[in-house]
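Novice: Sending over a structure as structure tokens; questions will come in a sec.
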Amino acid sequence: MRLAVIAGDGIGPEVITEALKVLDAVLPGVEKTEYDLGARQYHKTGEVLPDSVLEELKGHDAILLGAIGDPSVPSGLLERGLLLRIRFELDHHINLRPARLYPGVQSPLAGNPEIDFVVVREGTEGPYTGNGGAIRVGTPHEIATEVSVNTAFGVRRAVQDAFGRAQQRRKHLTLVHKNNVLTNAGSLWWRTVQTVAAEYPDVEVAYQHVDAATIHMVTDPGRFDVIVTDNLFGDIITDLAAAVCGGIGLAASGNIDATLTHPSMFEPVHGSAPDIAGQGIADPTAAVMSVSLLLAHMAEVDAAARVDKAVAEHLATRGDEKLSTAAVGERILGKL
């Protein structure tokens, strides 16, 4: 496996260091290339992601990212110039966000209910395509528009991916949308789900408006197995899903090209946390979870299962103990 490593900003390098130790333990011999992308690269060169580096990234099998963002750089510049550019250039049309409440982790929900579902979020369409504009800016007659783009092709491949995952899990898929108001896009999504469902007769299908889904994530999260949704709704509900499972510090994500034409990218959901960077106190658990997602995507199923098991055992016995970044990494390595 040829792996591109982008440690990034803030606590990114610290958590990625521990994640790579785990990767090396379960899959020795991975060929790693490190790329210094983020605030340092921007301040040094004025570029966020040079074209030549993007071409190099395309030659790898997968990408592991730490975190991007720094207060010394204008807000959104790194995110758009690096994360979104990689997503669109490498056709990361699936954003995969597992949501699992591990034993030993305290949920804000009463009674620590059983939570184990996956959100499949379409990653390259919706209102995030930059299709919009503004006129008469700064006047009382300003008009601003953001157009949500939904194509039959894009919706179909997200729905197809979600059904495939549901087939391998508990065989239940929920479409989350708002088709009573967003009638055009909502109709396309629902008709696509119904069409693809015919290929998976043993997968039960449900629909929920996005506002109802947020309620049920809090009151009855056990009803969900696989959720499929568009880019905007997915962006919102995945953070809620992380919150009920103990917080974004325990959330991993995959930005996936399901066709395997381009390398997919895996990262912890948390940010760069510049306020604690360099102190050795950042929790690398989510970065290690990202390694598990990466391994599963690369069909290294046994290695992924070993990492999952080690993380689960670590969380089950950790309690409220405050541990350093390195100590958490050592504990997870020990569980292997």
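Backbone N, Cα and C atoms are what each Cβ position is placed from, and that goes for glycine too.
These came from Swiss-Prot, pasted as-is:
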BINDING   Arg87, Arg97, Arg121, Asp211  substrate binding site
BINDING   Asp211, Asp235, Asp239  Mg(2+) binding site
BINDING   Gly271, Ser272, Ala273, Pro274, Asp275, Ile276, Ala277, Gly278, Gln279, Gly280, Ile281, Ala282, Asp283  NAD(+) binding site
SITE      Tyr128  site 'Important for catalysis'
SITE      Lys178  site 'Important for catalysis'
Novice: Of the binding-site residues Arg121, Asp211, Ala277, which one sits closest to Tyr128 (site 'Important for catalysis') when you measure Cα to Cα?
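Specialist: Ranked by Cα distance from Tyr128 (site 'Important for catalysis'), first place goes to Arg121.
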Novice: Taking Arg121 (substrate binding site) as the reference, which of Asp235, Asp275, Ile281 (the binding-site residues) have a CA within 10 A of its CA?
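Specialist: So the list is Asp235.
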Novice: What is the interatomic distance between the Cα atoms of Asp283 (NAD(+) binding site) and Arg87 (substrate binding site), given in whole Å?
Specialist: 26
Novice: Among Asp239, Asp275, Asp283, the binding-site residues in question, whose Cβ has the most other Cβ atoms within 10 Å in this structure?
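Specialist: By the 10 Å Cβ neighbour count, Asp283 comes out on top.
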Novice: Could you say which of the recorded positions Arg87, Arg97, Arg121, Lys178 has its Cβ with the most other Cβ atoms inside 10 Å?
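Specialist: When each Cβ's neighbours within 10 Å are tallied, Arg121 tops the list.
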Novice: Quick check for you: of the recorded positions Arg87, Arg97, Lys178, Asp211, Ala277, which have their Cα within 10 Å of the Cα of Asp239 (Mg(2+) binding site)?
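Specialist: Among Arg87, Arg97, Lys178, Asp211, Ala277, the ones whose Cα sits within 10 Å of that of Asp239 (Mg(2+) binding site) are Arg97.
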Novice: Where does Gly271 (NAD(+) binding site) sit in DSSP terms: helix, strand, or coil?
Specialist: coil
Novice: Quick one: give me the count of other CB atoms within 10 A of the CB of Ala273 (NAD(+) binding site).
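Specialist: Other Cβ atoms found within 10 Å: 20.
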Novice: Find, among the binding-site residues listed as Asp211, Asp235, the one whose Cβ has the highest number of other Cβ atoms within 10 Å in the structure shown.
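Specialist: The largest 10 Å Cβ neighbour count belongs to Asp235.
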Novice: Quick check: of the binding-site residues listed here (Asp235, Ala273, Ala277, Gln279), which one has the Cα closest to that of Arg87 (substrate binding site)?
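Specialist: Out of the listed candidates, the nearest Cα belongs to Asp235.
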Novice: Check the Cα-Cα distances from Ala273 (NAD(+) binding site) to the recorded positions Arg97, Lys178, Asp211 and tell me which is shortest.
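Specialist: For Ala273 (NAD(+) binding site), the closest Cα among Arg97, Lys178, Asp211 is found at Arg97.
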Novice: Including all protein chains displayed, how many Cβ atoms other than that of Ile281 (NAD(+) binding site) lie within 10 Å of its Cβ?
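Specialist: The answer is 16.
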